[in-house]
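Comments concern the structure below.
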Amino acid sequence: MNWLLIFIPVAFGLEHEHAAPTITFATSALAILPLAALMGKATEALAHYLGPHFGGMLCGSMGNAPELIIGIAALNHGLIDMLKSSIAGAIIGNLLFGLGLSMFAGGIKRGTQSFDGRVISIHSALLVLGTLSLIVPSVFHVAADTDRELSLHISVTLLIIYAAGILHILLNERAAVTDSHQSVIDDVALEQRRAADIEGVPGLSLDRVADLEEKPAWGRNTALAVLACVASTLAMLSDILTGSVQPAADAMHLNPVFAGVFLLALIGNIPEYLNAYTFARKDQMTLALSINLGATTQLVLLVAPVLVICGAAMELDMNLLFNNFELVAILLSVTVTRTLIANNRTTWFEGLLLMGLYTVLGFGFYYLPKS
Amino acid sequence: MNWLLIFIPVAFGLEHEHAAPTITFATSALAILPLAALMGKATEALAHYLGPHFGGMLCGSMGNAPELIIGIAALNHGLIDMLKSSIAGAIIGNLLFGLGLSMFAGGIKRGTQSFDGRVISIHSALLVLGTLSLIVPSVFHVAADTDRELSLHISVTLLIIYAAGILHILLNERAAVTDSHQSVIDDVALEQRRAADIEGVPGLSLDRVADLEEKPAWGRNTALAVLACVASTLAMLSDILTGSVQPAADAMHLNPVFAGVFLLALIGNIPEYLNAYTFARKDQMTLALSINLGATTQLVLLVAPVLVICGAAMELDMNLLFNNFELVAILLSVTVTRTLIANNRTTWFEGLLLMGLYTVLGFGFYYLPKS
Amino acid sequence: MNWLLIFIPVAFGLEHEHAAPTITFATSALAILPLAALMGKATEALAHYLGPHFGGMLCGSMGNAPELIIGIAALNHGLIDMLKSSIAGAIIGNLLFGLGLSMFAGGIKRGTQSFDGRVISIHSALLVLGTLSLIVPSVFHVAADTDRELSLHISVTLLIIYAAGILHILLNERAAVTDSHQSVIDDVALEQRRAADIEGVPGLSLDRVADLEEKPAWGRNTALAVLACVASTLAMLSDILTGSVQPAADAMHLNPVFAGVFLLALIGNIPEYLNAYTFARKDQMTLALSINLGATTQLVLLVAPVLVICGAAMELDMNLLFNNFELVAILLSVTVTRTLIANNRTTWFEGLLLMGLYTVLGFGFYYLPKS
């Protein structure tokens, strides 16, 4: 994917030349993809030197850094409604498109695939709780003057729940380590339990932890330097991206909700979809599902609340109010995903069903009025 | 049930004499029942000569032919709202009344009954996906001029999903046949897998497939002749039925939504309810459930989309917009049914619960205003 | 808890002196707690003399007597909206706060706890059916003149379902007793089945049945006298409580919906929460969950319908219409609870999640406008 880095100077050049917004948008979106992947790699290298506990936490919390950076850039441009649409769109896209693609591609190659239901049921529960909390402000929206306060209070509650989730996993991991001193005979069982426990952290996916035990590609100082470099480039590109999304949508005759839900939402998440896709083709569905559901949970419990708090700090009118279409689409996505994974097996046909619902929702959003 | 055929000439006579609409409606409804049963029998005989693959597909696709014929007759009379009510009512009636009656009657005779959860979970998942897709146009209804386009696009998507489901089962069935050449020692396991695979086709119920292996009642030409005869009689009766339903509802002081959801919806489905009832009394709950859920899934993925496309071809204002009451009733029915069958066991009390909710919804629809 | 009885004379004194409503409300609430506990104890003693069948039924039906008495007092004061808010609040509070606290406290002490999923799935199914029936009148609310009729009809249907549930358990219990004469070798299995059957009665919790087999604290006549005494005191205190709740809410600048959902709702249920809490700490999660879910089911299938019928008898405009916020909060509570208990295990973190959603909803209700 590194060859896509060529788009970085192109994006800056187009921006400087005031090129057509559609071109600028597409170029900056393409340039962001390899940066998001590099950021993940640098974080993992850094995590190696921090040890499993704090390293795991870092990986978990940095996984959605590209979304956060893009989100803050959108706040800077005052694109509040489009930012909220992109949060909704990321939930829908992760669950229907990302998961559907993994299940479809894995199923085509491997037939019916199974996964560890105990691991996934934790993600699934957190996801339901998080998304349902997220829609509370929209439901209780009665007087515009309390929307911001309500959203702020709920954001803080969600962050506390996220922190408790991190604590939950640190305690469990420590218990698992202590257990391992006592006996080594039930190694397999222990391994499974550790795996399950680690999975329990929203957004902390097994693959990253596995990577922690390998020799990282970079030394500590190199990793820090790469991270700083990538983050600042990402911030500048996000500025170009979010500055061009509205004119690009207008040029393509798309309504802004569609642009937020189906264009802006996908950009930060494509590396994760590719990751999950790769694991699905390798028949590692537990991993593929937990990357996807973990990222979605974290989006809800960490990214969205942090953006609300940032918005309040920037004295913007940022809140957690979604429009009815976004609300229903979020609820449908969560319901259908939970239903299809309830039997601990996936098939290409179930993947197709998820992508089918994504298409159906796409038609719905596409035909929304422009104004 | 064949003695009900006597009502066919009676219905034509009443129609000719311009009898009271309530009587005409009731008579034509009674006359349709044995025809729907005969149609199923002729389709099965024909399927025998087509071989298991295409025969199974034929059975699956013809199972809802009576609903389709009645639906087209309703379109002909311009009864678009009542047709949509009857689609909603068929979903609600299948899940709450049909399934509830099976579970109640089976449970009274046999105590707690169990079924094969793997088979039913596929139906259950398809049902959730289908019904949720069906309600998308209602949710995205904002500007009346795009309702028809949106409904058309979603209908085509649902038909593609239905076709993929058929493909899914054909591939699995072929795989099962290939496997059987390799070994015959795990015959039972294979049989179970085949059963599960066959069940996977929406609307293709085991009983019909089992019948394929018996000698059919009719030869191929007889079956074709019976099918042609029955279908044309059914079309004429449906015309009488749908022509009298609105005046009959007025005469009985019923609002049109109630008439659609609770009268028109039940007529095409009573043979299926009797079928499922019979299997439930024989303690074959997997079969009873899969007939019922399969018919409901097919209604959503095949009948409703085809009616939307027919409506568009007839240049009518047909779409998939349901009113709020129908939407909520559909969602409640699907939710409660899924909840009650989640533990893979059924009791008479659970059947009573489903019929109880049907009663509760019946009161709700009954008290809707007339206009 | 008996030392709280001291608040009974204090509450009567404050009422007589026209003290500040906040103080009167708090004092009468505190005085009701030990009375509710005493009532449970007297009912259990009385049940001992009635034998297991009718004793169990008595316990089951009297478990929510305090809520009923408070509810009738609220009807007497014409506090219909607040009464409905408190019904909604009791459902939300039971599921999110009561259950969350049990799971949290049990999990902190005992780690991951498991429970018998077969027992709980029955409660869970009844709960879903009951709550969904309860919201039907709100959905079908179109013309104010039929709300009362619709609510009455649905209330009667819910009571019939409740009665069928009682019949269901009596039949199963009799079958279990007959079985025990035939063989004693599978004693453990039988015991488990009996336990499961007994649990099947909505609101009839195992602990009470277990108590039936011990020598009760009081003789029959003493128990009857205590019951009469407690019930009449409770009725008088409920009058003071409901008379002071509106002025107290005003004095604390709380909107009436918040007061109903979060203050009035909790008072009658605190003894049950303490009960469930105690069992959770003893690692008896099946019992803790079934007390909680049983009480909630009974609230929906018995208490709410009886209050609607009482309201109609008192010629009040009592119905089952909830506002949108209450509806959504009920649906969210039921959905999240079902999701978290689906894997038959509970942890402190899941308890925290439930209490987190309770907090999120609390913020929502708190910010509702006063009028």
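Heads up, the Cβ atoms here are built off N, Cα and C, so glycines get one too.
Per TrEMBL, the feature domain 'Sodium/calcium exchanger membrane region' maps to C:22-168 (among others). DSSP labels the residues of the domain 'Sodium/calcium exchanger membrane region' (C:22-168) in these numbers: 132 helix, 2 strand, 13 coil.
Marked as domain 'Sodium/calcium exchanger membrane region' by TrEMBL: C:223-361 (among others).
What TrEMBL records for C:29-47 (among others) is transmembrane segment.
For the transmembrane segment (C:54-75), the residues of the chain that approach it from at least six positions outside its boundaries are 32, 35-36, 39-40, 43-44, 46-48, 82-83, 86-87, 90, 166, 169-170, 173, 198, 201-205, 208-209, 212, 231, 234-235, 238-239, 241-242, 264, 267-269, 271-272, 294-295, 298-299, 302-303, 306-307, 310-311, 314, 316, 318, judged by C-beta separation under 8 angstroms. The annotation transmembrane segment is assigned in TrEMBL to C:54-75 (among others).
Within its own chain, the transmembrane segment (C:87-108) has Cβ neighbours under 8 Å at 67, 71, 131, 260-262, 264-266, 268-269, 272-273, 276-277, 279-281, 283, 285, 288-289, 292-293, 295-296, 299-300, 303-304, 307, 322, 326, 329-330, 333-334, 336-337, 340, 346-355, 357-358, 361, counting only residues six or more beyond its boundaries. Here TrEMBL flags C:87-108 (among others) as transmembrane segment.
Feature annotation from TrEMBL assigns transmembrane segment to C:120-144 (among others).
Feature annotation from TrEMBL assigns transmembrane segment to C:150-171 (among others).
Annotation comment: TrEMBL describes C:257-274 (among others) as transmembrane segment. Cβ atoms under 8 Å from those of the transmembrane segment (C:257-274) belong to residues 1, 25, 29, 32-33, 36-37, 40, 63-64, 66-67, 70, 74, 81-90, 92-94, 97-98, 101-102, 241-242, 245-246, 248-249, 291-292, 295, 323, 325-326, 329, 362, 365-366, 368 of the same chain, restricted to positions at least 6 beyond its ends.
Feature annotation from TrEMBL assigns transmembrane segment to C:286-314 (among others).
As annotated by TrEMBL, transmembrane segment applies to C:320-341 (among others).
Under the heading transmembrane segment, TrEMBL lists C:348-368 (among others).
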For the transmembrane segment (C:348-368), the distant same-chain contacts (Cβ-Cβ under 8 Å, at least six residues beyond its ends) come to 92-93, 95-97, 99-108, 254-255, 257-258, 261-262, 325, 329, 332-333, 336-337, 340
In the domain 'Sodium/calcium exchanger membrane region' (C:223-361), how many residues does DSSP put in helix, strand and coil? 113 helix, 2 strand, 24 coil
